[in-house]
Amino acid sequence: MSEKIHPVTKPVKARALIDQAKYQKWYRQSVEDPDKFWGKHGQRIDWFKPYTKVKNTSFTGKVSIKWFEDGLTNVSYNCIDRHLKKHGDRVAFIWEGDNPYIDKKVTYNELYEHVCRLANVLKKHGVKKGDRVTIYMPMIPEAAYAMLACARIGAVHSVVFGGFSPEALGGRIVDCQSTFVITCDEGLRGGKPIPLKENTDTAIHIAAKQFVTVEKVLVVRRTGGKTGWAPGRDLWYHEETAKVKADCPPVKMKAEDPLFILYTSGSTGKPKGVLHTTGGYLVYAAMTHEYTFDYHPGDIYWCTADVGWVTGHSYIVYGPLANAATSLMFEGVPNYPDQGRFWDIIDKHKVNIFYTAPTAIRSLMGAGDHFVKRSSRSSLRLLGTVGEPINPEAWEWYYKVVGDSRSPIVDTWWQTETGGHMITPLPGATDLKPGSATLPFFGVQPELVDSEGKVLEGAADGNLVIADSWPGQMRTVYGDHERFIQTYFSTYKGKYFTGDGCRRDEDGYYWITGRVDDVLNVSGHRLGTAEVESALVSHKHVSEAAVVGYPHSIKGQGIYCYVTLMVGQEGSDALRQELVKHVRAEIGPIASPDKIQFTPGLPKTRSGKIMRRILRKIAEDDFGALGDTSTLADPAVVDDLIANRQNKADAA
C-alpha cells in the first residue's frame with residue numbers, strides 16, 4: 001500500500017482558491033453550522049425568488065431531503081443567460097469529433113440560441129413541465145442542448161448512455177413513462193457507426209408492449225446513415241429547430257422540482273432511477289467543479305466522460321456551465337486513430353484541467369510512454385480521476401509521465417447518488433497520497449462503521465456511510481421512495497450507506513476499497529451482478545447463473561460468470577461466445593462477460609442461498625482459505641468449481 005506523500009507545491013499553492021487553512025476553517029463551519037454555510041454558498045447561483053430556508057433533511061423514518069426549498073430558480077438560466085452580458089462571446093463548448101480533423105466551438109451566445117430553439121420545439125410538440133424526456137445520444141453538442149432545453153422548460157430529462165442496448169433503453173423509457181425521445185441517426189465511435197435510431201425504434205416497440213407509447217422522436221442527423229422512419233412520430237431536429245424562435249423564457253422552478261432522472265445499477269436486477277432536483281444539485285455541482293478543479297476563468301477544462309453517466313451531467317454540462325467555463329466534449333475513444341489521441345487533443349485545444357477514469361489511464365499506460373511523449377502537454381495544470389479507485393502504480397504514471405510531475409491529481413470519490421464530489425483533494429490544500437481520495441469536501445461527514453453499525457474511530461477499516469445530508473444528494477428513487485429508504489438508509493439507521501468499503505489511515509485520509517454489495521465496477525461503470533445474471537438466465541440454454549467481479553488489470557474489475565446449463569446441454573466455446581453476445585444485446589457492450597465457467601451446480605446453503613463469497617475467492621484464483629463450507633447443501637460442488645476455474649494464474 002502506497003503511503004508516499006506528494007506535498008502541495010509552491011506554484012500550485014500560489015494560485016489556489018483554497019489553501020489548507022481555508023479548507024479547515026470552511027470545513028469546520030460547514031459541519032458545525034450547515035444552515036449558515038450553505039445559506040451563504042447557495043448564493044453562487046441566481047435565484048428569481050431568494051430562499052429563506054436552507055436545510056430541511058431527515059435520514060430517519062420516511063427520509064426527506066430538501067434544500068433551499070422556498071427558492072425559485074432555473075438551471076438553464078444559470079448555465080447560460082446570466083453569463084451573456086459579460087461572457088456571451090466566451091466559448092462554452094469545444095467539441096472534438098471522433099474524426100481528429102473535425103471540431104467546432106460553441107459560444108455562450110450560440111448556446112443560448114440552440115437551447116431556446118430546442119426548448120421551443122419541445123413546447124410545440126406538447127412537452128410540459130414535469131414531463132419526462134429520454135435522451136439517447138452520442139457525445140455531440142446537441143446532447144447538452146437537449147439537457148438544457150429540458151431544464152429551461154421544467155421537463156425532466158433521462159439521459160441513457162448510447163452504449164446501452166435497445167432492451168435497456170426500452171426498460172428506462174417504461175420506468176419513467178417517457179413519451180418523447182431525442183436521439184440521432186447514428187453515433188460514431190472509433191470510426192464505427194452506432195445504430196442509435198435503429199436501437200430507439202426497437203426500444204419503442206419494447207415499451208409499447210408494456211403500454212408506454214412514445215409519441216415523438218426527434219432525430220439529429222449526425223452521419224446521414226440510413227434509418228427507419230415513422231411519419232407522424234419521427235421528426236428531424238434540423239427541420240424542427242429552423243421553424244421556431246430563438247428565444248424562450250426560462251420557467252421559474254422550485255428548488256425541489258425534479259431536474260433529471262439517471263438510471264444506475266443496484267444490487268437487485270432493476271435499474272434505479274436516481275432523481276436529482278434543481279437548486280441544491282446545481283449549487284453543489286458548480287461549487288465542487290470550482291474548488292476541486294481549482295477552476296479559474298479562462299481555463300480550458302476537459303472531462304472525458306460520457307453525458308450518459310453522472311460525471312457527464314455534473315462535470316461536462318451543469319457544473320462547468322454554471323461557472324461560465326469552457327468545457328471540452330469529445331465524441332471519440334482514447335485509442336482512435338491511435339493511443340495518443342487524448343494527449344493530441346490536450347495540445348490541440350490547450351487543455352488546462354484534464355479529468356478521466358483509471359481504466360483509461362491503465363490502458364494508455366499499457367500502450368507505452370512514447371504516445372504521451374510525442375505531445376507537449378505543456379498547458380496541463382491539473383489532473384483528475386473518477387469512477388473507481390486508482391491503483392498507486394497508475395497514479396504515479398499519470399503524475400510523472402502525463403503530468404510531468406507538476407500537475408496535482410484530484411482522485412475524486414463520489415456516486416450517481418451524491419450529485420458531486422464527496423471525498424477529494426483540493427489542489428492547494430491537500431497533500432496527496434497515491435491511491436487515496438484523501439479528505440471530505442465541505443459539508444460532507446463520512447464515517448466508517450462495522451457490520452453491526454458501530455462507528456469506528458481513528459485509523460480503521462469499515463463500511464463507508466455519510467452521517468448527514470449535503471445539497472447535491474439524490475432525493476428519491478423515481479416512483480419508488482420505499483426502495484430509496486431500503487437501499488440507502490435501512491442498513492445503518494439514520495445514515496446514508498454508500499455501498500463502498502473504505503479504510504481511514506492515521507492521517508485521517510480515506511482509501512476506497514471497492515463495493516461491499518453485489519455491484520460491479522467495470523471500467524468505472526456500475527453494473528449490478530443481478531442484471532448480468534438475469535441477462536444470462538434469459539438465454540434458452542441457461543438454467544442458472546451467478547456473477548462476481550474479479551481483479552482485472554485494465555478494467556479494475558472483470559465480469560466472471562458461473563453458468564449452469566439446462567439438462568442435456570453441453571458447454572462449449574461456441575456457446576460461451578453466444579452467451580457473451582446475448583448479454584451484450586440485453587444490456588450493452590460494457591456488460592460483456594470476461595470469463596464464463598460452465599458448472600454442474602452452484603455452492604448453495606441448505607436454504608438455497610448462493611454463497612458468493614466462495615465464488616469470489618475462486619474467481620480470484622484464491623481458494624486456499626474458502627472458510628467454512630460445511631453449511632453447503634453439496635460441498636462437492638466446490639471441488640468442481642476449483643478444478644474447472646477459468647483464471648488459473650499459470651494460464652494467464
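Backbone N, Cα and C atoms are what each Cβ position is placed from, and that goes for glycine too.
Non-local neighbourhood of Gly191 (CoA binding site): Asp98, Asn99, Tyr336, Pro337, each in the same chain, at least six residues away, with C-beta under 8 Å from its C-beta. Here Swiss-Prot flags Arg189, Gly190, Gly191, Lys192, Thr311, Asn335, Ser523, Arg584 as CoA binding site.
The annotation ATP binding site is assigned in Swiss-Prot to Gly387, Glu388, Pro389, Asp411, Thr412, Trp413, Trp414, Gln415, Thr416, Asp500, Arg515, Arg526. With a cut-off of 8 Å between CB atoms and residues at least 6 apart in sequence, the same chain places Gly499, Asp500, Gly501, Asn521, Gly549 near Arg515 (ATP binding site), listed in sequence order.
A helical conformation is recorded for Val537 (Mg(2+) binding site) in the three-state DSSP classification. Of all Cβ atoms in the protein chains displayed, 13 besides its own lie within 10 Å of the Cβ of Val537 (Mg(2+) binding site). Summarising the annotation, Swiss-Prot assigns Mg(2+) binding site to Val537, His539, Val542 and lists sequence analysis as the type of evidence.
Here Swiss-Prot flags Lys609 as N6-acetyllysine. According to DSSP, Lys609 (N6-acetyllysine) sits in a coil region rather than a helix or strand.
Note on proximity: among Arg189, Thr311, Asn335, His539, Lys609, the recorded positions of the record, the Cα nearest Thr412 (ATP binding site) is that of Thr311. DSSP gives Thr412 (ATP binding site) a strand state. A Cα-Cα distance of 12 Å separates Arg584 (CoA binding site) from His539 (Mg(2+) binding site). Neighbour counts of Cβ atoms within 10 Å were taken for the binding-site residues Gly190, Gly387, Pro389; the minimum is at Gly190.
Neighbour list (Ser523 (CoA binding site), Cβ cut-off 8 Å, at least 6 residues apart, same chain): Ala357, Thr359, Gly387, Glu388, Ile554, Lys555, Gly556, Ile590. For the CoA site, whose binding residues are given in the record as Arg189, Gly190, Gly191, Lys192, Thr311, Asn335, Ser523, Arg584, the maximum C-alpha distance rounds to 24 Å.
Within the same chain, residues at least six positions away from Val542 (Mg(2+) binding site) with a Cβ under 8 Å of its Cβ are Leu536, Val563, Thr564, Leu565, Met566, Leu579.
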